[in-house]
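Here's the structure we're looking at; comments come further down.
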Amino acid sequence: MEPRQLFSDPTADPISTAGAASNALSCASFNLPEGGILQLPNGEIITLSAPAAFKPPSCNLALRSVPNIIASGGVVGGTASGTMGLKADDDSHFSDWRDPFYASTFPQCYALAATTIIAYTLVIMLFITPRSFLDGGVVVLGRKGFTNGGGGTSIGGRPWLQKVAALSVAISLTIANAATFRAAEQQYSWGVQNAKQLQEDVLGGAELKIIRIISDTFLWLAQAQTLIRLFPRQREKVIIKWTAFALITLDVIFQSLNSFKYGGSDLTRPKFTEAVPALSYLFALALGVLYAAWVLYYSIMKKRYAFYHPLMKNMILVAVLSVVSILVPVVFFILDISKPDFAGWGDYVRWVGAAAASVIVWEWVERIEALEREEKKDGILGREVFDGDEMLEASQSEHAWPKMKRKGSGGSDSQDTESGGGGKDGGPSLSRFGAWSKISTLTSKHRTEPSSRNEPNEGSSPVAETTNDDERPRFLSPPLWPARPTPAATPVSRTDTTSAASTMYAVRYHTMTELTSYGTPPPTRNMGRLSGSESRGSSRHRDYGSASPGSAPAQDARSTQNSHVGAKASSAGSRWHALTPTVSSRDFVTRSEPRSSKMQRDENSRWDLRARVEEFAATQAENLREKFRPTLDTNNLPVTVIPAPPRRGAAIAQLCEEEELNHSSREGTVREESRNSNASGTVIAVGGAQTPIQTSFSPPPRAANSSMSTAQMPRPQLSPIVTQGSFTNNRYNHLPVTVIPAPPRQDPARAPSQPQSPSLVALGKQPARSDSSTTPSP
């Protein structure tokens, strides 16, 4: 069409203008400006909302060269042959001729090509390229953690949700590329460029609608899985999981309704004239914003490793890519409000941005955790445990701790779960007693297992430790709760009782042969067992400490002798001695612990005949050993009686009484009577206020061969009255003193015969003490 000037130009030549008008009179075309009003014969009035052109039907366009009007408002040179295929129903292709450049077809095609390349790059990262990790401060390639062994933590694995999501995005963008090329070629054949129509043709396809819904579902699930990894607490993981499932379900429902039921609505600009498209857009926006907020919160909490670290110089690049990928939904939400035309090609960027937000953030988190492990691997702290996590993770399949190891790893590996009291699948006690049985099982495991493993080390023979094939060194975790200490059998304090002579002590008596052969026997340990078989096997062993006083020495001596005999049998290296009657109950408990602990796994099985037969055989064998075990007679052993020391406060009372007597006596009488007492061999003390009182002590009977006089005898330990009373006062230091030996500490009539072992005696009841009578002097 040829443009025509509607208003006269004052600078134009009137002669040339008239000639041009006469030449174009037969085929006149008019350019109608925006805002013009057209009035039709039927009275209808049309207001032009955009520039238009009027062309008379008699104009022969095939013989003239006219410019073509493109959708962007510009004019390019060309022939009219490019518009010969237009029809009357193609007016919708020229709905907007003045779209800005950022909303035209060129940025849309470039954006689609760039996002497709990024999508395939993510797929290559997930499926082909090996992962990088930190190894001793150097970033290397590989698929393992810090070590390549079985104990290393693998950080190279990727969840399958990310792989499916990235692959679906790449497939979707490939289909969008094919549809865009087809629609652009059709517009090129028409000689026009309409970005809005191009976008509607591409996104309106049924195949792309279906693949987009599937891709979005896996994208949101992958992001939810990434969020679950960010937070270690089990409670937070559960909250994130169910919140994500609810939002993803609602988003899929409303997106499906918006794509198929409300397909006639505007797909390129969010003009929310109906509720379903608005809700679909709202749920998609909520998922993106929540994901971005939680990832930013995690990066702030881990700011020490998240943005820069000397061991990983490229951490800042990964951090920038992660932040950009998670902020894409927020940025385009702002652009949708301020510039709605951006939605034409912004959908592709948001599409691949959601995939990158999951893949790159996962890599970011793995690098942060690798730096944390590298820094804390030499620390002394253990795993971080939160309150309530053990109860939330409790299940019947995960009841036992530690978990059951492989069968081929040895007999010792299977014992980690045998002492917990559970069954083969972790213990059926969870269904019987609830979740609290997990705590009690863990407590019983740690209380019983170390005592059974360390028990052979307490024997007198070091060879006995190697007789058990199941005893192998293992590294166990510390107990969750400290074990309750065994009750200590402490004797009653004799000074706090009303009668100091009423306390009796029972001690073991050993012959000289036993002392020289084995030395001091180890104390008997009181071991408690939770299972029925072990409690029956060790019931007699525990009864030794709770027996009556009369039978306690015999039972203790019996257990001590049997323990020595068992140690001798173990040191010989022959396992046949384990079945002889001379084996002790402690060795039996130690050797039968692996077997009894294996039976604990099947204690709730009614049809486990093998376990029942083994338990019955163990019980009968213990009964036979109890019958054939020899006993020692400890009732006829010699007894030596040792008197109890004086009670607290008696010496002080006597001292005060002696001081009162000394101060009330007269000095002259004491001097005269003390001279007279030198020949009689008595110690005179003055008592009373007026008359002197003489106290004499009879000397004890002595042996016939003793010719030592009283003054020449070695000075024994003085009584508290003499030492702290009269002889420590400065007033009586010049008085002569005659020391009289103390009386014997036991009744000569009750003196026993010479014991077999003078070094070890038995304590008994204190007899009545006979002191010399005190008679006043005449």
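Don't overthink the numbers, they just go from 1 along the chain as shown.
A Cβ is built for glycine as well, from the same backbone N, Cα and C atoms used for every other residue.
Note that this is a predicted model, so its numbers are computed, not measured.
Residues annotated as topological domain 'Extracellular' in Swiss-Prot: 1-108 (among others). Across the topological domain 'Extracellular' (1-108), the prediction's mean pLDDT works out to 58.
The transmembrane segment annotation in Swiss-Prot covers 109-129 (among others) and is backed by sequence analysis.
Per Swiss-Prot, topological domain 'Periplasmic' is recorded for 130-160 (among others).
Non-local neighbours of the transmembrane segment (161-181) in the same chain are 108-109, 112-113, 115-116, 119-120, 122-123, 126-127, 198, 201-203, 205, 207-208, 211-212, 214-215, 218-219, 221-222, 225, 348, 351-352, 354-355, 358-359, 362; each lies 6+ residues outside the stretch with a CB under 8 Å from one of its CB atoms. Annotation source Swiss-Prot lists transmembrane segment at 161-181 (among others).
Taken from Swiss-Prot, the feature topological domain 'Extracellular' applies to 182-201 (among others), supported by sequence analysis.
As annotated by Swiss-Prot, transmembrane segment applies to 202-222 (among others).
Feature annotation from Swiss-Prot assigns topological domain 'Periplasmic' to 223-237 (among others); the stated evidence is sequence analysis.
Positions annotated as transmembrane segment by Swiss-Prot, on the basis of sequence analysis: 238-258 (among others).
Annotation source Swiss-Prot lists topological domain 'Extracellular' at 259-275 (among others), citing sequence analysis.
Residues 216, 220, 223, 226-227, 230, 240, 244, 247-248, 250-251, 254-255, 257-258, 261-262, 265, 270, 322-323, 326-330, 333, 350, 354, 357, 361 of the same chain lie 6 or more positions beyond the ends of the transmembrane segment (276-296) yet place their CB under 8 Å from a CB of it. Residues or ranges marked as transmembrane segment by Swiss-Prot on the basis of sequence analysis: 276-296 (among others).
Annotation source Swiss-Prot lists topological domain 'Periplasmic' at 297-314 (among others), citing sequence analysis.
Positions annotated as transmembrane segment by Swiss-Prot, on the basis of sequence analysis: 315-335 (among others). Among residues of the same chain six or more beyond the transmembrane segment (315-335), those with a C-beta under 8 A of the stretch's C-beta atoms are 284-285, 288-289, 291-292, 295-296, 299, 305-309, 342-343, 346, 349-350, 353-354, 356-357, 360-361, 363-364, 367.
Annotated topological domain 'Extracellular' per Swiss-Prot: 336-341 (among others), in sequence order, evidence recorded as sequence analysis.
For 342-362 (among others), the entry in Swiss-Prot reads transmembrane segment, with the evidence type sequence analysis.
Taken from Swiss-Prot, the feature topological domain 'Periplasmic' covers 363-778 (among others).
Marked as region 'Disordered' by Swiss-Prot: 394-499 (among others).
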How about the transmembrane segment (109-129) and the transmembrane segment (238-258): do they have 3 or more C-beta pairs under 8 A, pairs 6 or more apart in sequence?
-> no
Please give the sequence-distant neighbours of the transmembrane segment (202-222): residues at least 6 beyond its ends with Cβ less than 8 Å from one of its Cβ atoms.
-> 159, 161-162, 164-165, 168-169, 171-172, 175-176, 179-180, 183, 244, 247-248, 251-252, 255-256, 259-260, 263, 267-268, 284, 287, 347, 351, 354-355, 358
